[in-house]
Amino acid sequence: MNDQSLARAAVLRPPAAGPNPVLRLSGIGKSFPGVRALQDVELALYPGQVTALIGENGAGKSTLVKILTGIYQPDAGRIELDGAPVRFPTALSATQAGVTAIHQETVLFDDLTVVENIFLGHQPRNRFGLLDWGRMTREAKAILDRIGARIDPHVTLRELGIASKHLVAIARALSVEARVVVMDEPTAALSQTEIEELYELVDRLKADGKAILFISHKFDEIFRIADRYTVFRDGQMVEAGLIADVTEDHLVERMVGRSVDTIFPKRHAAIGPEVLAVEGYSHPTEFEDISFTLRRGEILGFYGLVGAGRSEFMQALFGVTKPSRGTVRIGRQAVAIRSPAEAIGHGIVYVPEDRGKQGAIRPLPIVQNVTLPSLGRTSRKGFLRMAEEFALARRYTERLDLRASALDQPVGNLSGGNQQKVVIAKWLATQPRVIILDEPTKGIDVGSKAAVHEFMSELAAEGLSVIMVSSEIPEILGMSDRVIVMREGRLAAEFPREGLTPEMLVRAAAGYGRAA
Amino acid sequence: MSLAEGTRPRHIPDRLSGRMGHALRSWELLLLLVGVAIFVANSLLSPYFLSPWNLSDATFNFTEKAMIAFAVAMLIIAGEIDLSVAAIIALASTLMGLALQHGAGTPVLVGVGLLTGLLCGLVNGTLVTRLGLPSIVATIGTMSLYRGISYIVLGDEAFNGYPASFALFGQGYAWWVISWELVIFAVLAVAFGVLLHRTNFGRQVYVIGNNDTAAAFSGVRVQRVKMILFLLTGLMSGVAAVCLTSRLGSTRPSIAQGWELEIVTMVVLGGVSILGGSGSILGVVLAALVMGMVTFGLGLLNVPGIVMSVFIGALLIGVIAIPRLIRLARTGRAA
Amino acid sequence: MSTFLKSREAMLALALVALVALVESRFRGFAAPGNLAAVFNDTSVLMILALGQMLVIMTKCIDLSVAANLALTGMTVALVNAAAPGVPVVALIALAVGLGLLLGAFNGLLVWLLDIPPIVVTLGTLTIYRGVVFVISGGEWINSFEMSPAFTALPRMVILGLPVLSWIALLVVLLVAVLVRLTPLGRAILAVGGNAHAAVYTGISVGFTRFMAFVISGGLAGLCGYLWVSRYAVAYTDVAVGFELDVVAACVIGGVSIAGGIGTVGGAVLGALFLGVIKNALPVAGISPFWQLAISGAAIIVAVALNARAERTKGRIILKSAEHAA
């Protein structure tokens, strides 16, 4: 079935009888140069109900959030608030209309106080038109109390943890008499207990009669808190309805546009001798006493909660930061890794989680990205040889089935999944012995995800050793030969593939004593 | 999908009809046209302009600045800046003058000039790459410091009496109207062009300017590359100090005052993005020629230097503003 | 954070007191109230400009055109005064501030609407404004005998023991403090420099906020144009040449972060006073004024190095034990 017929066959169920929607979007379209982000989109949000917005990355969810909050203007369609058409030409106008959002990344100010973060842009004034700090502080305290947040309104945001920052964002949303609250992946960076607290808060907001748009990739949480759902695919609304009427499999199928049975193509690889041995790696503030070994052809999963120190450890292993103690052996030889250049020299490479900042150099062409760490091989006596560069880049990008119009195309013009392929191609071109993949499929579409998993498998089969840091349990379970769990900067557990269950991972990551 | 036996990988061509290259080169083409227009205008406005010796004199308006501009261009492409270059000239010239007082001959004088430049570059590079200071403020600081030292040494005095052999660099001619300075300029232009566009080092400069974190994560020794660029900028300032001191035959602490702005203007006019990541040496060469000709042409018309600087300032803003204004007007009409 | 900033200002104030004490210990009378008031008065212009610059730097921009703006507005009012001595001084001050606002607005518009990097814009306008001074004056000087007595007398007029110049500086300090602490624009300036991305989501226009910072900086530079020219009773093309660097230096010494979002009125004032004390102490100590440039250069480097060390953001602390130790 092709996309077009799917779109045409989209079932638009009429909303069940009940209250009228607070906010209704119809026929919304938005294009960017070369991309049609949204096309003829419908969405309705009801008071006292949570509507889950479901879709793959790139389906148009973020664009929709930005239209709802006045950051972007739609090219077509209308927005109705209580049945009356409205426009949100600025972020402020959306806020004033009672539409607020808690964004994916906390878009708040680290150096400003909690009070200021809550009221910035709509501060109460006194009769001279000057800011009324007294009133702001009182109201901030009241709102924080209302959502059960025990946060001192006078501390700066920098001093707060991620969960508290989210609470401040929510307090900010409530400070404007919000009627519609958009939550864009609010649980992405939270621990299990913090997520439970957030659910309670969402329940309270529902009870207050707020209409909530809840964007999430996690189906368990969608089924836990949503009343309704809307599925987006490729910038179009595919289906909407009541959560009670559907199953998870159905939603996944609508979201992906095909059934999902080929996701983890883990092959059996012959596990060879030990390639890497890390002993007692420690850092003053980030991790302590990390020891493990890695063997040829093995995929070693690193699981843990966000903030468990996995990325920090991997970056130290790659030479970005310096460990305070510990040794690394490659083969039988003890080595010191003081910089990425040295790590690369020893055959250890790292595909970072933050692709945009640390991985891809977006304005530069694909070929220059791929050959960067291999320039020593493609050049002669320090002088560039373009033919060699193109040949090297072609060999590895074609192998990864990169979708690009030319090798001199800027990487920034590619989709997230293809950017990731460029980063991986860059490292494969160095012919490494150990490849560290940090959240390798975060933020890429399902198709590219499967491709990444497939060649991860294949690389292992060819004798490369893979370390995969992932927070997605299915990915960890599906791909790893062995799993190490980290918690609060330390090793918490190590499991073989056989008999490993999601519960074991979650309990180890959260700590046995504090398991939810 | 990708690697199953029997499936042939999808072919990706190297280039798409040089679309990117066109956009880049069009700036240089525009500069060339502007240069030709100014050349024609000058030759029409002043009967003296077209004489070979006058044209030869005109080259001194840009050669020294352009030498530094090549290095500053690379520094700006890498995302840093050095505003202390003119102050380095002052300090290098002052120390050359001091060496002269102690009876140094031409080779020692040149050595002192170049070494001072390198040393100043080392200080700037250390402040930026080792202490992590933002280069714009750090070099505003060293700019005051270096020139301040010149003032401490010289006050309102001047050094004079450089040896005749020393005059070669700024006043000597290699052949007919071709000055040694012009030769140095041309050699450096080619050398910097090759360094930036044809070597691994040059590639790393672009990479750092586009994303220094990703560059570091790809094994590029970012701080080392930046340090080399600061050293190179210092060295070029030293070379320029030798040429300028030789040409003027004297040193005052106010020597080359305000040149840092003209050099940055030259670089930006040459199409180097002030935000880093893009630009070419050819563009800087063309910008140097354009600026030199404008200055010289206005000079022939007896326009005072400070009024020329209005022109330079307007040029700096205009070359960036006009394309953006056109884009703004276009999108405004479309909306 | 705020306690830290306070401690930084306290540190600076302490350094200032130590500096004054040091000079006083060698040269009696420097710390006498009368002399300190004179130093303050002498630093007034720098202080006013530093406050304007602080607002600009806090939005992550920089205004290098302030000294040229000062020279151009100063020359303009001097020319008007010389040509029409009857025009009241208040009108001339209004003219200076108004012209300054316009010049600042020109910078601001280029930064806001055309998104040109502020350093490029103000490097350009610095040369343009300075060149225009030459053009409108024909390169001539306007000397005290060409100015009306009222024009030159105002800044020196003493009210309650302090010259008007000092009072104006104090008033500007107060107004900028109110602006930063008690107006939405002031908070927006802080927010824009702290996190421009988040500011957009907050409903703050980053471009407009920057524009306003440039306008204010320009207006204050215009005010200083009158103050400078009338105080020294002379106007010429090279008035306050290079002074923009002293202004930036005062900000940096005062702890204003060039990366934006961090800065306080107290810091900028103390930074200006620090430079003012050095400038006034040099002649007292019998050191050639030629030392001043090198000293302010060294002061900038030391101050910015201290700022950078303080700002180096600490990594997320993951280990519980380390958290307790910290």
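Backbone N, Cα and C atoms are what each Cβ position is placed from, and that goes for glycine too.
The transmembrane segment feature in TrEMBL is assigned to C:41-59 (among others).
Sequence annotations record features per position, and here TrEMBL assigns transmembrane segment to C:66-84 (among others).
For C:90-112 (among others), the entry in TrEMBL reads transmembrane segment.
Per TrEMBL, transmembrane segment is recorded for C:119-137 (among others). Sequence-distant contacts of the transmembrane segment (C:119-137), counting only residues of its own chain at least 6 positions beyond either end whose CB sits under 8 Å from a CB of the stretch, comprise 62-65, 67-69, 71-72, 75-76, 79, 103, 106-107, 110-111, 235-237, 239, 241, 244.
According to TrEMBL, the feature transmembrane segment maps to C:157-180 (among others). Here the transmembrane segment (C:157-180) has long-range neighbours at 37, 40-41, 43-45, 47-48, 51-52, 54-55, 186-187, 189-190, 216, 220, 223, 227, 231, 264-265, 269, meaning same-chain residues at least 6 beyond its ends whose C-beta is under 8 angstroms from one of its own.
Within the chain, the transmembrane segment (C:187-204) has long-range Cβ neighbours (under 8 A, six or more residues past its boundaries) at 55, 57-60, 180, 210, 212-213, 259-262. What TrEMBL records for C:187-204 (among others) is transmembrane segment.
Tertiary neighbourhood of the transmembrane segment (C:210-229): same-chain residues 44-45, 48-49, 51-53, 55-56, 58-59, 61, 63, 65-67, 69-78, 92-93, 96-105, 107-109, 111-112, 118, 142, 155, 165, 168, 172, 179, 185, 189, 192, 235, 239-240, selected by CB-CB distance under 8 Å and a gap of 6+ residues from either end. Taken from TrEMBL, the feature transmembrane segment applies to C:210-229 (among others).
Residues annotated as transmembrane segment in TrEMBL: C:250-278 (among others).
Sequence annotations record features per position, and here TrEMBL assigns transmembrane segment to C:290-308 (among others).
Long-range contacts of the transmembrane segment (C:66-84) within its own chain (CB-CB distance under 8 A, at least 6 residues past either end) are made by residues 45, 49, 52-53, 92-93, 95-96, 99-100, 103-104, 125-130, 132-133, 136-137, 142, 146-148, 151, 217-218, 220-222, 224-226, 228-229, 235-244, 247.
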